[in-house]
Amino acid sequence: MDEREEVIKVYSEDDTSRALEVPSDITARDVCQLLILKNHYVDDHSWTLFEQLTHTGLGRAIEDHELVVEVQSNWVMEEESKLYFRKNYAKYEFFKNPLEPRHLQFFCEFSNSDMYMSLTGKKTSGAPTNYGFCFKPNKSGGTRDLKQLCADDEQSRTCWMTAIRLLKYGMQLYQNYMQPYQGRSGCSPLNITPMRRGCLRLNSHGSPIAMSNMAIHRSQSWFHHKISREEAQRLILQHGLVDGVFLVRDSQSNPKTFVLSLSHGLKIKHFQIVPLEDDGKLFYTLDDGHTRFTDLIQLVEFYQLNKGVLPCKLKHYCARIAL
């Protein structure tokens with residue numbers, strides 16, 4: 001085994017960097033694991049190393065089994081190339097939710113090429129949309145040898161790139177996914193929960209209020225009960241500042257109200273959820289009563305589908321870890 005040490009530089013989303021001294025045969029998975037431990041992040045199998053070729057406006061997620069030093073050896077000296085450590089929820093989503101079969105058609109020989117997504121879109125390539133991707137020969141640094149394709153939207157591009165990853169790496173991807181790892185509990189895609197009906201109870205004024213809007217949210221993984229603003233921020237930071245990562249908690253400053261803590265634009269924002277009583281019925285709102293919900297589950301489901309007054313939709317919740 002080659003025991004030589006190499007120094008690699010890895011960037012975060014805010015463009016800060018960290019130099020790591022690693023074995024020359026280290027894999028992308030091991031680099032991610034090292035950075036997860038150093039940053040005290042939650043390991044939910046979504047962290048990835050991302051290769052960005054700034055000069056040509058290309059980027060790709062490095063597969064877990066690839067050797068990082070070998071990837072860097074293909075870089076052209078005069079090109080500003082970087083490694084980024086970031087979340088990629090689509091990384092193994094096709095194993096978790098294989099909703100329909102993918103009918104793959106042979107396109108070209110992939111053994112000597114890597115697949116990249118276009119980072120600059122229509123600006124440099126003249127593509128009809130901003131959702132381009134291409135195949136770049138390993139040993140070529142020029143744009144003449146690129147085989148470029150273009151999708152109609154982000155979802156279509158993800159589907160095509162996923163299918164091609166399966167065609168190129170096959171069982172190796174499944175082995176990467178199934179390899180044991182720690183910290184499974186953490187950020188998870190938000191699952192739609194059907195609205196539930198509860199028993200009736202009387203409020204302090206003697207009016208019947210359904211139990212469902214009183215405490216049903218306490219059973220939800222995204223509800224963290226009595227945690228502080230600082231603790232909420234720490235939990236979200238552990239999952240990376242990915243747009244749409246969120247949790248709901250009790251307000252510490254305003255009793256009987258709640259707070260939605262949400263990551264967007266590399267910042268964590270807090271939105272107060274206020275309970276309103278109208279004609280003996282209790283509602284919850286984020287926008288001063290313009291949009292009302294009978295319980296917090298309805299509110300979360302709505303903002304998963306609609307941005308509304310929020311800067312982005314709710315996408316992935318920080319799961320409450322049972323003690």
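Just so you know, glycine gets a Cβ as well, placed from its N, Cα and C.
Automatic, uncurated: that is what TrEMBL annotation is.
If you look up TrEMBL, you'll see 4-90 marked as domain 'Ras-associating'. Positions annotated as domain 'SH2' by TrEMBL: 222-318.
Mapped onto DSSP helix, strand and coil, the domain 'SH2' (222-318) counts 19 helix, 35 strand, 43 coil.
Taking the domain 'SH2' (222-318) as a whole, pLDDT averages 90 in the prediction.
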